[in-house]
Each structure stands twice: as structure tokens, then as C-alpha cells.
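Here is what TrEMBL says about this protein:
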TRANSMEM  28-48  transmembrane segment
TRANSMEM  68-86  transmembrane segment
TRANSMEM  93-110  transmembrane segment
TRANSMEM  116-135  transmembrane segment
TRANSMEM  156-177  transmembrane segment
TRANSMEM  189-208  transmembrane segment
TRANSMEM  243-261  transmembrane segment
TRANSMEM  281-298  transmembrane segment
TRANSMEM  310-329  transmembrane segment
TRANSMEM  360-381  transmembrane segment
TRANSMEM  424-442  transmembrane segment
Amino acid sequence: MVAKGDQENGSPVLDGTKNSLFRYNSPLIQVGLIGLVCFCCPGMFNALSGMGGGGQVDHTAANNANTALYTTFAVFGILGGGIYNILGPRLTLFAGCSTYILYAGSFLYYNHHKHQAFAIVAGALLGVGAGLLWAGQGAIMTSYPPTHRKGTYISMFWSIFNMGGVIGGLIPFIMNYNREDAVSVNDGTYIGFMVFMTIGTLLSLAILHPRKVIRNDGSHCTNITYSNVMTESVAIAKLFTNWKMLLIMPAAWGSNFFYSYQFNNVNGALFTLRTRGLNNVFYWGAQMIGSVMIGYIMDFSFKSRKTRGLAGIGVVAVLSTGIWIGGMFNQRGYNHHDVVSKTVKILDFKNSGSDFAGPFVLYFSYGLLDAMFQSMIYWVIGALADDSAILSRYVGFYKGVQSAGGAVAWQIDTHKVPYMTQLIVNWVLTTVSYPLLALLVIKAVKDEDKVAEEESPSGFPNAVKESKDCLSSMWVCFEQP
């Protein structure tokens, strides 16, 4: 029998659950399920956005819809953690996922009627839903795993989630393959997205409440059954004066800021419609690679968790600098006037030969950097606490600030700010984030042995004890008792 301890802090509790990774109430299965939900909903949304202008020749409707989306997302991202703690995962995630279907449907409508109003309203509603979905997702992804394997679980989620972008990129590529001169995607593309989003919405009902999820050491992810409005309101208000959240703010603001530039002004400006779909297959595929790379560094590179965190931030910083330098050289070759006047050479994967290679590799690298940058931030947030209720608020705050930055970025693009200026702003935002995140790791992240001493003062078994039989592979060492 396992000794009873403090559930909130993740120490052992009385539990007769079998020690299996593949239990329905295990962190591995539940993180995998939320990965599949995000595969179907935001994964398909990413593929739709990644085509530039939502697959339309005129980017105005998509830019305005995305501005509405990220504006409401900024509010409900911050509130989402509290709503998740009150309603629980099933209601929160189901309500959030359902708004993705409406958003894709609004562009199906726009394909025929060219009225922006529906797309903008659907975008605003999606912002509400996305705030709920991502707050719940973040709580599950950062609080369910054992302390020493959070990077591994984050990379697993990110890989499943971005497979949605890969499959979603194949949909417009296949549906528009023989439409070499097409400028807007056909109805079948949007219908395909809506089918996947509907599946994801139904799948969200399979997610368990965190109090029912039990790690292999017998600890629960939270001891809170359901919270209340007053408790959550006070807790959320305190986040705005929390020094840890203030250090995360620049990284949060910049973590979606570059999407409008990359999707509209690189992929949307330089490539044919079918090639944009192909590019997105590799953009989101690169995210899968990037998440595994940074997950390995954050979990396996050094014995000390603090050292691993600093190493991961350093690797991302160096890679980021190199990629943005490459982007700057590419951007010197064209500007907004060239795109509008159609004097820029539009590249096709079959017909452009070697001219296609450089911009394609750059766009692939942008996807790699995005995954490493965001996975790094999630790891840092997950290292600040273990309790689901606390981390749902932290992630909600992160997503809210992230979305506020996104809303500004989409309007910057709408107002035709020079492409080079947009690139430099994105470069600066990501670069400023690294020393602040490093400071946060130094000041707030504790090594596993210190966490173990605090959580198991009586010498109880704990999740940070490594098994001698644990293989040195991030895909095998998901959880050791």
C-alpha cells in the first residue's frame, strides 16, 4: 500500500491503481487524447491560416477575422484557466472546440458571398473558444506528467497536435493540385477541415477531470474537485502582479506575433496556392521535429533541471538568431509593393527549380523555431508548479498575452506595415525573451532532488527517483515510479 501524502504537491496518496502507462486515467493517455483533440481543431485551423488569407486571394477578411479572434482570445485566454477550474475539462473543451467548426464554415460561406461580417463574428467566437481550449490543454499538458518528464510529454503533445497541421496542409494541396493558377481554395477544402474539427469536438468528451488522473507514483494531479468564481477571480487578478508571469510576458507576446508575417508575407506572398499547402505540410512537420529536439534537451541533457532549462533556452536563442538572419536576407529580395503589383516571382514546387529551395527551407525553419520556442516556454511554465489548478491559470495568462500580441500583429499586416519592419519586430521580440526566461529559470525553477525533499519529508517514494531499468530514451522514460 502506498503511503498517503499531500495530493496538491504530487506526493504519494493511497491508491490501488496498477502501475501502467496505458491506463485510461494515466497522464500518458490523457495527454495523448488532448493531443488528438488539438490535432483535429487548432491543428486544422493552423493549416487553414498557414495558406495565407485563410485560402483567399484577398487577405483582408482573414486579417480582420484573426484580429477579432485574438482580441477575444486575449480576454478569454486569461479567464480560461479559471473557467476550466470551475467547469472541468469536458464542458470547457467541448465548448471551445465547437467554435472551430463555425470559423471554417464562415470561409466556406465567404467563398460564395464575399461578406466579411460572418467571418469576423466567427473569428470573435473562436477567440472565446480558443481561450477555453488552450487553457485546458495547457493545464493538462503541464500538470499531468511527472516532474522529470514534462519536456517529453510536451514534445509528445506538440508532435500529435502538429500532425494535424501536416494532414491539414495535405488537404488544400491535394484538393487544389490541378488548379495551378487558382488563387482561392475550393469548397471541399473547407468541408474537409470542418469534418476533422467535428471529430475533435466529440473527442474532447473523453478527457478526464484532473482529480481522476493518477500518476504511476500514486499522486493525483490536483486535490481540487471544482473551484468557484470568487476564488478564481482573485487568483487571476493576482497574476498581473506575479513577478514570474511578468518575466514570461515578452515571450508570450512574441510567441504568435510572427504568424501573420510568416503565413501572409512569406508563404502567402511567394508561392502558388498548391505550393502553400505543400509548404504547410513541412512547416508543421518541422514543428514535430523541433518539439522532440527541445523536449530531449529539457529532460535529458543534464542531471540538473535548472541546467537543462538554461541549456534549452541557449540552444533556441542561437538557432533563432540564425533563422532570423536568413529571413532578413530573403526579405531583401521583395516588398509589399512587389507583391501588390505582381512583380515578385511566384514560386511553384514543380516549375521553379532551384529558386524554390531557399524560401522553402526558410519557411521550414520558421516552423522548427516556432515549436522549439513555444515548447521551451511551456516547459518553463510547467517547471513553476505541479498542480493543475495553478498551472491552468499560468497557461491561461500566457495564452491571453500571446493572443493580445497576435491581435496587434494581424492589424499591423492589415495596415501594410513594410515586411522588413515586421521581420525586425519579430526578431527583437523573440530575442528579448531569452534573458528574461533564463532569469526566471535561475530564480524560480527547482531541481528535482530539492522538490523531492520538500514534497516527501518523511522519505516516501516519489516520482523523481529514476529506475535502473529506465532506458535512455525520451519515448520509453515517460514515467517511472
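Glycine is no exception: its Cβ is also placed from the backbone N, Cα and C atoms.
The model shown is predicted, which means the values in this text are computed figures rather than measured ones.
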Contact call for the transmembrane segment (281-298) and the transmembrane segment (243-261): at least 3 Cβ pairs under 8 Å, seq gap 6+: no
Stretch of maximal Cβ-Cβ contact with the transmembrane segment (156-177) [cut-off: under 8 Å; candidates 116-135, 243-261, 310-329, 360-381]: 360-381
Same-chain residues near the transmembrane segment (243-261), Cβ under 8 Å, at least 6 residues beyond its ends: 49, 63, 66, 70, 366, 370, 373-374, 377, 380-381, 384, 394, 397-399, 401-406, 408-410, 412-413, 419, 422-423, 425-426, 429-430, 432-433, 436-437, 439-440, 444
Positions on the same chain near the transmembrane segment (424-442), where near means CB under 8 A and six or more residues out: 244, 247-248, 250-251, 253-254, 257-258, 261, 306, 309-310, 313-314, 316-317, 320-321, 324, 327-328, 373, 376-377, 380, 383, 405, 412
Non-local residues, at least 6 beyond the ends, that sit with Cβ under 8 Å of the transmembrane segment (116-135): 37-38, 41-42, 45, 54, 60-62, 64-81, 83-84, 92-93, 95-100, 102-103, 105-107, 109-110, 392, 395-396, 399-400, 403
